[in-house]
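Structure, as structure tokens:
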Amino acid sequence: MTSLAQWGNELYTGKRSYPFVQKWKLWFAIAALLLLVSGGLTMMRGGFNLGIEFRGGSEFTVSGVENTDPSLGQAAMSEAAPESESTVTNIAPGTMRVQTEQLDDTQTLAVGDRLQQAYGVGEDQVTSNFIGPTWGEAVSQQALLGLIIFVVLVALLMAVYFRTWKMSLAAVIGLLYVVALSAGIYGAVGFEITPSAIIGFLTILSYALYDTVVVFDKIRENTETSLEDSRRTFAENVNLAINQTLVRSINTSMVGVLPVGSILFIGVFLLGAGTLRDIALALFVGIIVGTLATLFIQAPLYALLRRNEPSIQVHDRKVLDQRVGEEPAEYAATFETELEEKEAAAARKPGADLEERPAH
């Protein structure tokens with residue numbers, strides 16, 4: 001049985017390889033299908049489950065509660081406002097929150113009395129507020145503005161850093177896909193969209209971008225600095241870079257998912273904190289989607305964008321012509337020889353270290 005360390009070394013040397021670039025049509029089709037399915041399920045559910053901050057309504061807060069059973073609040077709402085849909089949440093130890101559609105003064109007083117009786121608290125421990133939809137609209141506008149600014153800055157910085165607009169374009173398309181699919185999953189499952197969830201969506205872009213930069217930097221190293229002497233085609237060099245950083249990508253996503261999952265568990269099952277749960281849920285979904293997007297969308301898309309460049313085509317033809325007549329064993333040996341030559345050259349440089357292998 002192959003150990004994790006051996007698996008990582010085989011990926012790095014090219015002895016083991018997964019066809020991320022070669023099967024780009026399959027990955028793109030799956031990505032498009034996931035987007036369509038999540039969007040279709042969201043539409044079948046009647047659209048996104050918007051929080052009270054976006055649709056407006058009445059909110060009640062009950063403090064000093066000993067029994068935080070949400071069913072008590074639901075029963076009270078059914079008696080006081082039977083025609084109104086409501087959500088009862090334990091937002092903190094001893095504190096319940098009830099959100100419903102906008103109520104008139106009579107209904108508000110009736111609901112307050114019923115909640116007071118249901119949870120056995122005093123009159124001063126039940127507060128009510130009306131939340132207008134304009135506040136949620138302002139949050140949405142600011143979030144959209146923040147997304148636009150973020151995408152523009154990312155596009156410019158990556159174009160300058162990697163010195164190619166095609167790598168920048170692939171990264172931006174991948175980031176937009178991460179946001180779209182994460183939102184689609186939210187809508188398909190019926191998770192409530194709150195300002196905290198939107199903040200979480202914007203935050204996941206940083207996780208997705210970090211993994212993208214790591215993979216793209218390795219792609220640049222494999223394709224720009226030694227492409228002329230490479231025995232691989234351009235697409236094979238890109239695919240090698242993805243495999244070489246695969247262990248690191250998995251480790252990075254796990255390091256992000258585990259603490260976020262812990263926060264999500266605490267927020268849902270222990271504290272019942274709505275804000276904590278909403279942010280953690282968006283991060284949990286987004287980190288997973290972001291990692292997959294880097295491996296299966298952004299990197300293969302970059303190879304696809306550059307495959308028709310004259311210099312790339314000349315190099316690929318040269319490599320393929322050299323392979324004609326080679327035996328499979330000789331063909332495989334060239335990959336190992338190339339890697340050994342690179343490592344030997346790096347070792348001869350004063351103060352230079354060999355390329356850091358992925359952590360296992």
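Glycine is treated like the rest: Cβ placed from N, Cα and C.
Per TrEMBL, the features are as follows:
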- 26-44: transmembrane segment (TRANSMEM)
- 124-306: domain 'Protein export membrane protein SecD/SecF C-terminal' (DOMAIN)
- 143-162: transmembrane segment (TRANSMEM)
- 169-191: transmembrane segment (TRANSMEM)
- 197-216: transmembrane segment (TRANSMEM)
- 254-273: transmembrane segment (TRANSMEM)
- 279-305: transmembrane segment (TRANSMEM)
Can you work out whether the transmembrane segment (143-162) touches the transmembrane segment (279-305), with the criterion being 3+ CB pairs under 8 Å where the paired residues are 6 or more apart along the chain?
no
Going along the chain, which residues at least six beyond the ends of the transmembrane segment (197-216) come within the CB cut-off of under 8 Å?
51, 139-140, 143, 146-147, 150, 154, 158, 162, 167, 171, 174-175, 178-179, 182-183, 186, 191, 241-242, 245, 248-249, 252-253, 256, 278-283, 285-287, 289-291, 293-295, 298-299, 302
Remote residues contacting the transmembrane segment (26-44) - C-beta distance under 8 A, at least 6 residues beyond either end:
20, 177, 180-181, 184-185, 187-188, 293, 296-297, 300
